[in-house]
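In what follows, a single structure is set out as structure tokens and then discussed.
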């Protein structure tokens, strides 16, 4: 059987014979005059009655008209008809003055199984979600066979997929063979075994007589979940223009043998920082771009030491969301857990805090602003009228000039079994043109021991008893006036009379050395001017006529003397001879 549709039978052009306003109420009526010889016409599944062989163009458009062959050996068949317009709802009859067309419809009949089935699918890649069931539709398996019905076209699986199996959806049974009709009705499905490995299914198509070459349907598995690995924080060094985001900082994978490309979509706009691809701000980037070193982050506002970026990482079938924390790392050297004696005062210098690298980069003196005071200590000013007063902020210049000290209180809270306690101070390190950074100075407080080396310069230390039986209230201090204790048995003064003496002598010695060099240089210049320059003759002014100017001579090499010879005066010009000198001039000194 074959449906006769509007692609092969259409008389809609008859409506053009009527005015446009009258076309809406007209039907296009076909009247069969001669029925097919080797088959029959059916309308809506029933044979077209011979006493009323009418059907409409709408029946053809809906696919209700069908030709059924009687399976004879004839190679062709025909039927004739006439077509005309008829008012809707009335008995079909030719209207007076109406246009009537008479035609013969030709039908070509091919022998059964004369042509092999042909696979016309364009998409031979089935993508299935990990562990799920996916219908195999006509988009993946579709054949065309002019002389076979869909249920006669059979698919036979020659190689089953390694990542799943094929079933009937209504029964759940595993199958190795199915028909095109099963595909058209959605009865065939692929079931993933839960692995992430890709696979393929090899099959052949047959109509009972002809068989095609093997075809391959590739089956790709899409991960249903993503594995996110990220660092707790991304540190942007203070003063750096940008910091690359590496795979160690942020990576998302499916965990399978074949990785899918993951897209990161930023869901909130950061306030102080910016994520960039190829140094341009962006709202999305991929894992591939991270691997290529094209994704970076930078702070665009110098007002906060931290920021966060919320994002969603997406693959083709899964997604995961998270927050990326970005923190400014201080460009400074901070001592880590130095030992400081309880009850002592230590000098806060570059041993404890050193923001010189930041100062060199910004060409300013960075400022340490206190955001958390230590529990068992306090920072105080050193020297000047405010000596010993608490301080909440200070600069690197203050540290270099020794104007900040740390007083360790003589308390016993927070100690462990060995008398050691932990404490810390938190600062906000600021400098012009760079974002601030939070830095932490942790330190351990221990009982004072003169024989122990400490991690800072000690300005004062607590008194130590001279003997175990002595009065606890009588102690001898461990330093003299003008000196400071170093924290060991050998005293190393930081500010002493000896240091002060050298501070005075060194500039004086430098000045004396410069004066000596200047005197030597002056002596050399004076001696050189008195000696003069040899073998140099200064051109004197030209004397006037009749005047004899002072003659100057210079020493000559005897080897360059020109021998004198007598000149014969014969033939000489008398006027020239009278001008010739006949006596030797008297040579003056030098």
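Cβ coordinates are placed from backbone N, Cα and C, and glycine is handled just like the others.
Per TrEMBL, the stretch carrying the note region 'Disordered' among 501-538, 539-576 is 539-576. Sorting each residue of the repeat 'CSPG' (1-84) by its DSSP state yields 17 helix, 35 strand, 32 coil. Mean predicted confidence for the repeat 'CSPG' (116-208): the pLDDT average there is 91.
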